[in-house]
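Feature annotations, courtesy of TrEMBL:
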type     : residues : note
COMPBIAS : 305-316  : compositional bias 'Polar residues'
COMPBIAS : 321-331  : compositional bias 'Basic and acidic residues'
DOMAIN   : 14-125   : domain 'Ig-like'
REGION   : 291-363  : region 'Disordered'
SIGNAL   : 1-18     : signal peptide
TRANSMEM : 264-287  : transmembrane segment
Amino acid sequence: MELRALLLLLLCFPALQAQIPHVEKRQREGSTLQIQCSYTQEADQRKKAWCRMTNGLREILVETRISRLYPYTIQNTKGKATIDDNKTYRTMYVSMTNLQVEDSGTYACAYLSHSYTYHPLKTISLNVFRELKKSELDRLSVQCSYSKLEYERDTKAWCRREEQDKCNPVARTDFSPTPRNIKDLVARSSIQDDTRNRTITITVEKLQAQDSGMYWCARYVAPAPTWIMEVSLSVSKSEYLWATAVDAGTLQPHLASCSNVNTFILISGLLSVLFILALISLTTLFVRRRKQKKRRGNRQEEHTYSQPEDITQLHSSKGMESPKDDSKDVKYATLNFKPRPSPEDPLYCNIEPSQAPRKPEDEGVEYAVIALK
């Protein structure tokens, strides 16, 4: 491809010399390209341009303009390309924003000579690749377009780029492999070429982590494939893998653990939530039991302290009762008089000794026994 680009430059720039520097740039889709091109005093007062080589034709994307306000720096922007000519340092700065896959190609920064032909200062081979991020078991679908008419009858291929830019074909439009192992990348890949719309569609089923790498959507012809679009594929491991195995022509899914770290985090989170809930439940139960015991203690104290008062009131009320009328109930008593006991005989009474009346020695004591029947 580099030789073809240089041949195109020879046709577009007749004054091209072998010492013209050439650089290769690989940029991610959506990024910004920045190029610096130095020039000599001969091109100091000349217009500068940023050109693209397409199908042997030179396309001027943006060129400088004469400005009297800024004599030392001349800038111009057209589309997503910007050119800045700094005459103080004799350096031409070029930038292209929001790069797309379609921007891949050969470019040159040049100046306009006295013969009104552009002389290249530097040539650039730009490769804009598409970056895709997928997870395991996802489905990959990629489309790449080609504009050249002669590509219609050529074999298209989906290649995996190996060392030294070798193309290892995974799927080809002129060959369909027989699926043997579902884990094999070739068995999971397919390619279709829509020659009417000049679009190639690549499909890969059940992506695996080992599928990560650089791929080409290429024109597969001898002696070497010509890439149309480059894809950077990154397949990350999912939390759980569903591997499939072929058993008598039937796919049987089985679960395999993939990420111990994610599982540990999940289990730790669940245990933490359960611990917090248990702690809240125990605290609530303890507070309720404490309140119940406190209520029971208050009730017992009230009953204990109120009981003596009730008894006192009961006795007081009994003591304050009016005596019963003896006339209603007739009582009978029998009096038996016995002879005066001798001083040696024991004395029995139903009163306290302190309450017994004391009689002077000179007075006689009479005793009586009263028995109630």
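Every residue gets a Cβ built from N, Cα and C, even glycine.
Predicted automatically and left uncurated, TrEMBL annotations should be read as such.
These numbers come from a predicted model, not from an experiment.
For the domain 'Ig-like' (14-125), the DSSP counts in helix, strand and coil order read 6 helix, 61 strand, 45 coil. Only residues 6 or more beyond the boundaries of the transmembrane segment (264-287), in the same chain, are considered here, and none has a CB under 8 A from a CB of the stretch. Over the domain 'Ig-like' (14-125) the predicted model carries a mean pLDDT of 87.
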